[in-house]
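Quick notes on the structure that follows.
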Amino acid sequence: MEGPGQDTEDALRRSLDPEGYEDTKGSRTSLGTMSNPLVSDVDLEAAGSRQPTAHRDTYEGYVELHELVLDSRKDPCWMEAGRWLHLEESMEPGGAWGSHLPLLTYHSLLELHRAFAKGVVLLDVAANSLAAVAHVLLDQLIYEGQLKPQHRDDVLRALLLRHKHPSEAESVWTLPAAQLQCSDGEQKDADERALLRDQRAVEMRELHGAGQSPSRAQLGPQLHQQLPEDTEATLVLVACAAFLEQPLLALVRLGAPCPDAVLAVPLPVRFVLTVLGPDSPRLSYHEIRRAAATVMADRVFRRDAYLCGGRAELLGGLQGFLEASIVLPPQEVPSEQHLHALIPLQRHAVRRRYQHPDTVRSPGGPTAPKDTGDKGQAPQDDDPLLRTRRPFGGLVRDIRRRYPKYLSDIRDALNPQCLAAVIFIYFAALSPAITFGGLLGEKTRGMMGVSELLLSTSVQCLLFSLLSAQPLLVVGFSGPLLVFEEAFFRFCEDHGLEYIVGRVWIGFWLILLVLLVVACEGTVLVRYLSRYTQEIFSFLISLIFIYETFAKLVTIFEAHPLQQSYDTDVSTEPSVPKPNTALLSLVLMAGTFFLALFLRQFKNSVFLPGKVRRLIGDFGVPISIFVMALADFFIKDTYTQKLKVPRGLEVTNGTARGWFIHPMGSATPFPIWMMFASPVPALLVFILIFLETQITTLIVSKPERKLVKGSGFHLDLLLIVAMGGLAALFGMPWLSATTVRTITHANALTVVGKSAVPGERAHIVEVKEQRLSGLLVAVLIGVSILMEPILKYIPLAVLFGIFLYMGVTSLFGIQLFDRILLLLMPPKYHPKEPYVTRVKTWRITSSPLTQILVVALLWGVKVSPASLRCPFVLVLTVPLRRLLLPRIFSEIELKCLDTDDAVVTFEEAEGQDVYNEVQMPS
């Protein structure tokens, strides 16, 4: 997503450069070597020659803020008021810790900048305790004239008070703030005493040792385990001092981290930031302390603080923080939607702030840092879609890349998470196999059905798990293949050909085609399959799913029409049509669809714990089938058409075929001309398998998933197509990689790091890249062939409800469908997406208009006698996208309208759906 232009950035910089900053010019830098040598009552090490602290640019920077308060016994102490770790975290009045985005006032940032400009900056102080730091700090404040010598002991005793951490009984919300008073009896005037009447004066007593509250004992170790070993902390101390005339700030950077145990987390302290000042109505120390802690928690400023050699560099880092900040004008915000425009502006500012200083800028935007070494060439050489220009070169590279890791594929499977994934993927693969098997039997009149599809899925999944280069792929039947089977079956019926024998010859040509494509490294053509083509394909399949569901329902109503009156003579035999069948079929189909859709949406709701919701949502389809089949089972007096499943390893239609299909024909000789014409339908099948398999491999191989064993575009395609070609010889369906099931499989095997750090996104620890989960799923699906006593009770209307569910839900992740909906929305309700904000509205409608025209053309071909040619028309969308659309849209518009911006989701939050990542039909 592109950010705002340069004008916006310049305006932001000018607004953050007020005249009040001019007093920073000519200010001195105070170094640790300028400490007063009279400090002799503490253990200080020799400072030596000062060198900049080693660069520790860790992502985590822990900051803890302590305020001076009076505890329940009216004793002064330092109380933890908040902590910063990515986000600001503070204890709410109810006693619970809550994290939120730190929001700062503009005035507090100005005051902080002035304080840094005039305050004390001590760099690389050689002190091994916070007490030593306090002595050095006070001596420097007196040396620079910011603290009177008679106040030294008062401030020192305050800095050495014990530190406590909040609990339900004691926190900054329940305890009064304390104020430093001078011990020599100096008093304020009457107005100041009236102003401070609610604050108790601190009775100066030096308390050694750090207090430890229950919250520290419980939370500290838990949070510490989530942080890297090299994390260092910043301690911010804020107190109100009545004897000071103006605020003072002192920043101390230690030469070596101090291990004093005053923090809630056992971390060494590298920075100590102290803010002291008089209580004044024009100064809000609450906001200043939050601003100071937020700045110290900033990743870039922390790097500058580690590396700075003086005050000027530190102020430069603070200036960079201000330039990247956003200021809201003091006016009422009409609605929260208007605040959404801040998100891209803030992201752009953060991206520029985190940008590597060596990055080369060009008119087209930032480019990668210059690197002529070998490290930059390694990823390119390992690109699985890089041409080797040798016959079968890509296949050889896939084998050399993956097969040496075969033993690790077995070892990595010895994990409980893999067993859980097996159970989950089994049901995820079984439900569509039963659904498509029942529908395939309907479309082909029993030539292939549930038993053939289950056996084909089992055998091919087993072989693929053993031999593939990417065993995370789940092989199965899909909607596009079902559409082709129906079209080819009608073609064979119209021309008097044996459908099951024609598939054998298609299988032979499939094997030759895939060998030719793999030999020529044709799989690299997947680079040209943009979102434009994928969404046309997905939208067409979704429409076919929805249309076929209602077409089947209409057929049921025609076979069993409703009657306006019924014969009450019970002695007569009932007629063949059964009017209740149509109504019950409608109820079963609609009930299955809405129940499955509800369970999918329930997965992203806020009810029940997240694990329970995801479990229910992931098993939504089998739950829906079970519930509606159970309802049909208890309705005894109404007939519904059931799923036809043979017993054991029998074929669906034993009278028409066997397990081996003779290539020359069984009932009649197969025409020779059709043997040589079979390359045409074979090419169509190959296009469908190629599209689904290669796009699925691309999705699962995204860098965000952090797979380390590589993928195999060439080897996996060869295995899937070759196994499908051989399966046709036994009268079984050919299969392809299934997108939704593959993503589900990969997510189930992904170990996502659980972090207690507020604001930190879930990160991948590892992915269990192994072969046994797919192998066990294949075995379980094969055993499911023996489930005939259970499967025979499933009504076909229930399967058509699942068919409708797949068609409707496939539209949710298609941006083409979203753009069609934009035509019905007023512009003010349009989403803040790049293709909406960067492209004019009338041009947004032009892109889906061309896609709709192509879909209409494909639909016309589908319903015509030339329905087999649909994949050919689909392939023509590739040159259409690359040759015609650039003449209609500009380059930036095409990038917005035709980019793969699907976010990889490993753990869904409320309102998110992992299947929106998928742009292919399932």
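Numbering starts at 1 and runs along the chain as it is shown here.
From the backbone N, Cα and C atoms, a Cβ is placed for every residue, glycine too.
Values in this document were obtained by computation on a predicted structure and should not be read as measured data.
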| said: Using the topological domain names from Swiss-Prot, determine whether Arg490 and Asn604 lie on a common side of the membrane. | reply: no
| query | Quick one: which of 118-140, 233-255, 532-554 does Swiss-Prot have down as transmembrane segment? | reply | 532-554
| request: Test the contact criterion for the transmembrane segment (582-602) and the transmembrane segment (473-489): 3 or more CB pairs under 8 Å, pairs 6 or more apart in sequence, then answer yes or no. | output: no
| query | Which one of these stretches, 417-440, 499-519, 675-695, 772-792, has the most C-beta pairs shorter than 8 Å to the transmembrane segment (731-748)? | reply | 417-440
| query | Out of 417-440, 473-489, 499-519, 532-554, 772-792, which stretch touches the transmembrane segment (614-634) the most, going by CB pairs under 8 Å? | reply | 417-440
| Per Cβ pairs under 8 Å, the stretch of 449-469, 473-489, 675-695, 793-811 packing most closely against the transmembrane segment (499-519) | 675-695
| note | Counting only residues at least 6 beyond its ends, the same-chain positions whose CB falls under 8 A of a CB in the topological domain 'Cytoplasmic' (520-531) are 385-389, 391, 393-394, 690-691, 694-695, 698, 713-714, 717, 815, 878, 881-882, 898-900, 919
| Stretch with greatest number of CB pairs under 8 Å, the transmembrane segment (772-792) reference, 417-440, 449-469, 473-489, 532-554 candidates | 449-469
| said: Can you tell me which recorded stretch out of 417-440, 449-469, 675-695, 793-811 has the most Cβ pairs within less than 8 Å of the transmembrane segment (532-554)? | reply: 793-811
| said: Summarise the topological domain 'Cytoplasmic' (603-613) as counts of helix, strand and coil residues per DSSP. | reply: 4 helix, 0 strand, 7 coil
| remark: Rounded mean pLDDT within the topological domain 'Cytoplasmic' (520-531) lands at 81
| note | Near the topological domain 'Cytoplasmic' (696-711) in space but 6 or more residues beyond its ends, with Cβ under 8 Å, are 382, 384, 398, 401-402, 405, 408-409, 469-470, 472-473, 526, 737-739, 742-743, 746, 750, 764, 766-767, 769, 904, 917-918, 920
